[in-house]
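Student: Right, I'll just put the structure down here and ask away after.
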Amino acid sequence: MKRRSIFMYYCFCFLLKYVAFSNVPNPNTTIGHFEICEVNTSSGDAEECVLENEFGKMFLFICDIDYNEMSKNIVLPSECAKKTYIDHVNPNGTSPEVNTYDIFPDLIAANESQFRDKFYFYGTPYSSKDIDFICLCFSETKPDIKHVMKMSFKKMTKKIKGCDFGDNIPTKKDLTNGKALYENSSCHIYAYPGDVIGINCYKKDINNIYNNNLELQPNNCFHNVYYEDDILLSSKNLIPNSRVIPDPSNDVKLSKMHSYMSYIILPDEINENVKISCACKRDEYIGTMFLYVNTSKNILTSPDNNVEEIAPLNDHYISIGDMWDMGLHENPEQIQGIISNHANKKYYEHMKIYKSNKMDSSDDDESNETESSENESNERTHNGNRANKDANNSEKMTGNRRKKNNSINNTNYYSNYEDDNGINISTHDKYYEDQHFGNNGPLRKKRTFWQNMFGTSSSYYEVFNYFSIAFILIIHMLLL
């Protein structure tokens, strides 16, 4: 009986804590690309603002104060958002602070308010982990009532199309293609309506000498871009309705690290194909990003073309960028002339012979029908076998290249591998999970005891629901 009483007492205290002292969630207000959440420090109840990450959004936390009371608000950590509390259910002034950018370098945030009552954040295009960043805001006249400002990020499986010239390790890289500026290099990205494209020059390690003498060219890429290699034009005019993050405004003063990265959001409709570029420069070395923006994903096909004739074409055999430079994206019929001199030439020749023999067989003389039928059958079988053999060899070669490329990417992610035909495989678009060096398995996040029991959410409202259900079940069992 005594044990049961003690157990009931602790359960009551637990419920009292979460019912009587839980924060009041505040609704968010959306205006254009802004999502705004406000807490009132003069309130007698602890309020909580939660903003879920969404790329393309700008988040604004307002720690409102009552100027009539002439009180001053206090923010913890004092350097929010450079330092924050991470994944705390109910942080307080004694909770450990962490350097936000060491844990999550992709967060773009700043505070330029003289009274420290407004905090700006950009939604990030990629997150390698589930994580919550928390700052506290309260009035000096009510220090016991601490209001919560929380930014919540969910793990994403796909990285963003783009070029990272910062020599970053996979866990700190949010773009698909990695390069190091120890030599001149180039990176080719093929983009389509609705895509998000990024470029980064910065090595995401604080005070790393790699970041000395860095330069983004143009310095406000993608707001301005190079067209035809040397003509500086506005992306708004080249790609109407596109949007660049961060935008050129006084809302957020970018840190040094975030001054060397940029993203462009392509519109859902693109009327013209266009080739643009930006570059990263480190000392005498330049890494150039070539961005091929297409009106649709099927730039090599047209309504008059047979899809079967185009389907075997593969980036490992012929570069789409080369076709673009030669103007072939506007005249797909010329592609067949290139293919005839390419690695899969025999496959097309045999298929052409097969089709012509099939059509000619219907015009043969009836007296030679049997002989012609046998010859046609033999030739069809012979050519068909050769075609199948060449097709299988083609697929096998592609598979070997992909396996070899994946192996090299896992062991040395910044190596620049070229296959037998001289095509730089590492510069082609590819999505992959963060991986250990030399290990094909994805990185695994360490989970706490409570996350193993109740999931990875850091919201104590969800934890409270679980405990409430468990408490009711226990009471029910005790009363039986």
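Every residue gets a Cβ built from N, Cα and C, even glycine.
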Student: Choosing among CYS49, CYS63, CYS221, which residue does Swiss-Prot name as bonded to CYS137 by a disulfide?
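Tutor: Cross-referencing Swiss-Prot, the cysteine bonded to CYS137 turns out to be CYS63.
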Student: Quick one: Swiss-Prot says CYS221 makes a disulfide with which of CYS187, CYS201, CYS278?
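Tutor: Swiss-Prot lists the disulfide between CYS221 and CYS278.
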Student: Disulfide partner of CYS280 per Swiss-Prot: which of CYS187, CYS201?
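Tutor: Matching partner in the record: CYS201.
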Student: I'd like to know which of the glycosylation sites ASN28, ASN40, ASN92, ASN184 sit within 10 A of ASN294 (N-linked glycosylation site) at the Cα level.
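Tutor: Checking each Cα against ASN294 (N-linked glycosylation site), there are no hits.
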Student: From the Cα of ASN92 (N-linked glycosylation site) across to the Cα of ASN28 (N-linked glycosylation site), what is the distance in angstrom?
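Tutor: Roughly 23 Å, rounded to the nearest whole number.
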Student: If you measure ASN40 (N-linked glycosylation site) to ASN184 (N-linked glycosylation site) at Cα, how many Å is it?
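Tutor: Between the Cα atoms of ASN40 (N-linked glycosylation site) and ASN184 (N-linked glycosylation site), the distance comes to 53 Å.
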Student: Output the one of ASN28, ASN40, ASN92, ASN184, ASN294 that, of all these glycosylation sites, has the highest number of other Cβ atoms within 10 Å of its Cβ.
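Tutor: Compared across ASN28, ASN40, ASN92, ASN184, ASN294, the most Cβ atoms within 10 Å surround ASN294.
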Student: Is it possible to list how many residues within the domain '6-Cys 2' (159-298) are helical, extended or coil according to DSSP?
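Tutor: Within the domain '6-Cys 2' (159-298) the tally stands at 14 helix, 61 strand, 65 coil.
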